[in-house]
Amino acid sequence: MTIFNGLSESGESKKLNSKIEKQIENASKKDKKIYKVLLLGASDSGKSTISKQIKILNKNGFSQEEIMTFIPVIRRNLLESAKTLVKIIVQKGINLDPLGTHNCEIIEKFNPTPGELINANIGQAITSLWSANSVRSCTYGNDSVLIDSAPYFFSRADEICSRHYVPTIDDILRSRNSTLGISEISFTLDHLQIRMFDVGGQRTERRKWIYCFENVNSIIFCVSLNDYDKKLYERAAPERNRLVESISLFDSIINSQWFMHSSIILFLNKFDLFRKKLEHVPFQDYFPQYEGKNSVKSITRYILWLFVNPSINRAKHNIYPHITTAVDTSNIKVVFSAVKETILQHSLKEAGMF
């Protein structure tokens, strides 16, 4: 029987520190000819989704056992998002019919303990509530703190809450579980051994470990285009715009002494969500200095310029940008064909053969 298992993202800091330091020490002892890639980006930029896509494209995907481990993660994403949705409805004073009000009550009162079965009633309540146009429209704007995949999970609430639920690949790609510390995936590109490290995106994570990767060959930096109207989740800077935070992080990375010789690959990610949001949320409301056309192409170019202009790229790196939708496997397959060429050329250059 499948269960709803609330996963804790907290832990003992000292144990986590020790574990990560041991990972780094072990990594340095391995073959130095291995090409190392560091996957970076602010929280919720899509880094972990990129890691999953690499596993799908280069590691034969997920085993059945691995697929089943995503059930509690996805159910937690769904339930937490549904509770957040109810809070938004209350805060905005959205008028609901009696059924909508009843559904909100069901969602608010549902607080499963670890080991408790999730039931079909909660799935039906979420599906019914999300079907109301007034509810859907109230989520637009920067005051919405829903995760990007919330609408997708709401549309699949009945399936996710089913006793016999088995996650699809799309479910897995859209699941969100904050990266704590470092995760690693190894794969091969044209006989070149790649080790990719995904470092936690939260401020407290990246500050601790970034200096440990001074010999990294390439950096893939992920940016969520969809974050132009959002504020940070983190307590240290709760009012800071998340796109501005990404620019600041990118600045600190590419101009760091540790990465002067690394190739820089920039993923402008979540393009699908960004394009839809621009129809409802004007970019200039959050970046009034932008004076261009209100078009997806013009605004995308402007955001790219914010990252690659000389005041940011003071180290004068060659930056290789790509527009990505991390949940779209076909898109990532095309993008990684180009990334592969960048990595191979850089490896040849390092070997003095290019």
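Note: Cβ is positioned from N, Cα and C throughout, glycine not excepted.
A coil conformation is recorded for Gly46 (GTP binding site) in the three-state DSSP classification, outside any helix or strand. In this view, Gly46 (GTP binding site) is surrounded by 27 other Cβ atoms within 10 Å of its Cβ, with every protein chain counted. Taken from Swiss-Prot, the feature GTP binding site applies to Asp44, Ser45, Gly46, Lys47, Ser48, Thr49, Asp148, Leu173, Thr179, Gly201, Asn269, Lys270, Asp272, Ala326.
The annotation Mg(2+) binding site is assigned in Swiss-Prot to Ser48, Thr179 on the grounds of similarity to another entry. Of all Cβ atoms in the protein chains displayed, 23 besides its own lie within 10 Å of the Cβ of Ser48 (GTP binding site).
Per Swiss-Prot, the feature domain 'G-alpha' maps to 33-354; the stated evidence is sequence analysis.
Positions annotated as region 'G1 motif' by Swiss-Prot, on the basis of sequence analysis: 36-49. For the region 'G1 motif' (36-49), the mean pLDDT of the prediction comes to 91.
Sequence annotations record features per position, and here Swiss-Prot assigns region 'G2 motif' to 171-179 based on sequence analysis. Sequence-distant neighbours of the region 'G2 motif' (171-179) (same chain, 6+ residues past either end, Cβ-Cβ under 8 Å): 7, 9, 43-44, 47-49, 52-53, 62, 67, 70, 73-74, 77, 147, 149, 152-153, 156, 160, 198-202, 205, 326-327, 329.
What Swiss-Prot records for 194-203 is region 'G3 motif', and it gives sequence analysis as the kind of evidence.
The region 'G4 motif' annotation in Swiss-Prot covers 265-272 and is backed by sequence analysis.
Sequence-distant contacts of the region 'G5 motif' (324-329) (same chain, six or more residues past either end, CB-CB distance under 8 Å): 46, 49-50, 53, 56-57, 149, 169-170, 173-174, 222, 267-272, 335. Summarising the annotation, Swiss-Prot assigns region 'G5 motif' to 324-329 and lists sequence analysis as the type of evidence.
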Can you count helix, strand and coil residues in the region 'G4 motif' (265-272) using DSSP?
-> 2 helix, 5 strand, 1 coil
Binding-site residues considered: Asp44, Asp148, Asp272; fewest surrounding Cβ atoms within 10 Å belongs to Asp272
Secondary structure split (DSSP) over the region 'G2 motif' (171-179) reads 4 helix, 0 strand, 5 coil
